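Accompanying notes for the structure given below.
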Amino acid sequence: MAEGRRCILSMLEATLAVLFAVMTAVSVTLIAMTATRPTTTCEYAANVKLTDIPDWSRTRRLHRTARRTPSGRFDSLSLRRLPSAASQRLTRVRFVRQMGYANPQQTAAGIHTRLFSRAFIIDDGRRRVVFVTVDVGMVSQRLRLEVRTNTHSAGGRRGQGHRASQVHRCGRRRHRRAQVSVARARWRPKHAGPARSDSRNRSSPSWFAVHAVSMKTTNRLVSSDNLGYASYLMENHKNPAALPGQAAFMAAFSSSNLGDVSPNIEGPHCVNSGLACDYLNSSCPDGGTKECQAFGPGEDMFDSTRIIGHNIFRKGRVCELYADAVEEVTGFIHSAHQWVNMTDVTVFINDTHAVSTCKPALGHSFAAGTTDGGGDLNFTQGAVEGDPFWDGIRDTLLGRPSNQTQECHQPKPILFSTGEMNWPLPWHPEIIDVQIVTVGSVAVVAVPGEMTTMAGRRLREAVQQVTFSGVDVVIAGLSNVYTHYITTYEEYQVQRYEGASTIYGPHTLSAYILKFGDLARAIARDQVGSLPLGPPPPFFQKNLFNLLAAAATDRKPDNSSFGDVLQQVLPIYRQGGGVGFLVLLLSLGLSFRHQRDQSFVAVEMHDNTSDTWTLVHSDASWETRFSWVKGSDRQSNATVEWHIPTNAAAASYRIKHFGHYKSMKGLRPVITPYQGTSDVFRVIGTFYSS
């Protein structure tokens, strides 16, 4: 009997060991992708267009506000009439692993909404700064280094989750002095009225402290999530006749101190029982953290994305962020940047006692995930003690964390001592950059991570104390390089997901306050030139790898062609046919190469007067969805949905799908375009006549 139990226990241990190895591989993959993205990624950066700059002497307006929510104060900044702004698509559709939830099964298989990078240039006649916001989960340090070196613009790889950003100081150029304005207004709970019409306004970037995780772990469609939808609405509001990404006016809703702010405002409960989750560790008695899930305000994740995105858009359009500018100030652009070794920053917390940061490490609660997306194994949030089983597997596979690192991170029980793991490349960066850009009396603090509400509030107050009076400080989160989360010292002691993911230890926030304070003080005293540059980060050129396998050749059944329609549309549809109203077009094959400048989907309306077809929706439109299903024997199908809006014109329409397929001509791969077209169908106001 004892031998039987030992055998069962050994099998259990072996199974868990395999699961741990899989989890380790996933972590290696995500961290390596962040740190070692191949140089081909710069294809996106090089295509972000920053030319065609109009008259620099025109007035630039800058608007900033704060709003209050149950989670605390959200910093927001909105800029008007920038001299130059440009956007670029970044979307690739299949095989790419989506980021944010660390789920290896969540690979892209279609498009919900396109991902864009949006670049804004601000110039005061002496200096120029470029702010680039990208619809991706994070920005890798390698991309950051390549962008600084080559293009002074930014792009990013596909993904969903947060809104990452980069800030760059550009070369000087002779221009006249710019004028900047700031708006301060209290948030009003009711609709504030329509936005003022101003044809001269070209763009509006703003910052919101809310996670872009309305789309859940079950989603397989590339999506810009709630912040991307807010941008979509704002740009459509200013340019109602333009297609997404082609509007003259450009709006960006970027991330601020969003570390502990979820858009899933209905809160978590146990999916399998409907009961409340355990308050301390966010888990369920049956199913653990995986069953404890938070939900948004909508009927499904698409509806929740719509509601949250629309709320953000309303804030940006009709309240103080854009429409209620009341206070105008003039000023110049200043910036300060420094490289910092975050593993060795000493902070004096009083006259006699000093603390320091640590080598990077992730705690046990990191593997638990959050209520927005829980982990698969038996980890829970709030773990302040290690687990002998998992620690034993860690020690066997990865090595035991050093005593110094364990002591430094207390009370965090270390799961991955990433600062001591350097194969094939360092798992986490040691050298990061801190940066502040001021435009007049507005200071944009570029934080390389996800700050919690209170951490952001403390950093903001610290910067305000050392700068000139009246300065407005905005936290621009997830900027330049990704270093996971940044909590307060008190939040770190609890070791929920955010604390376990604060990789430089319990005094990380104190170190950032010190370093950003130095930058702000240098700007206020006009001593930026005396700031040391700091140790430059390594630029890895060896041991780089690409985790995406080469695409296989595509096949089709005999007596068929790529792009054939397998299920036709109906002849008649009604305007606003209800939630989930579908128009289906199934075609064979899918684009082998990403189509950044060409849509996979086109909804065209027939003009009876000119007998021509007009494009009214693309795959970047909220109303369309494009899904790909991989079949057997290298065959695949695609589904196109058009959720017909209530304001769709009563007319005749058709749906098109564009793609490429891969074949072999001898030993040479050949990429061939194809397209599929639906029958013509009508959209009418009602099925009933008078």
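Positions of Cβ are set from backbone N, Cα and C atoms, glycine also.
The active site, nucleophile annotation in TrEMBL covers Ser262. Per TrEMBL, Zn(2+) binding site is recorded for His211, Glu450, Tyr485. Residues or ranges marked as compositional bias 'Basic residues' by TrEMBL: 159-178. Residues annotated as domain 'Neutral/alkaline non-lysosomal ceramidase N-terminal' in TrEMBL: 97-149, 198-513. Look at TrEMBL and you will find 517-683 tagged as domain 'Neutral/alkaline non-lysosomal ceramidase C-terminal'. The feature region 'Disordered' is assigned by TrEMBL to 151-204. Positions annotated as transmembrane segment by TrEMBL: 12-33.
There are 29 other CB atoms within 10 A of the CB of Glu450 (Zn(2+) binding site), with all protein chains counted. According to DSSP, the secondary structure content of the domain 'Neutral/alkaline non-lysosomal ceramidase N-terminal' (97-149) in residues is 9 helix, 21 strand, 23 coil. Taking the Cβ of His211 (Zn(2+) binding site) as centre and 10 Å as the limit, one finds 25 other Cβ atoms among all the protein chains shown.
Taking the domain 'Neutral/alkaline non-lysosomal ceramidase N-terminal' (97-149) as a whole, pLDDT averages 79 in the prediction.
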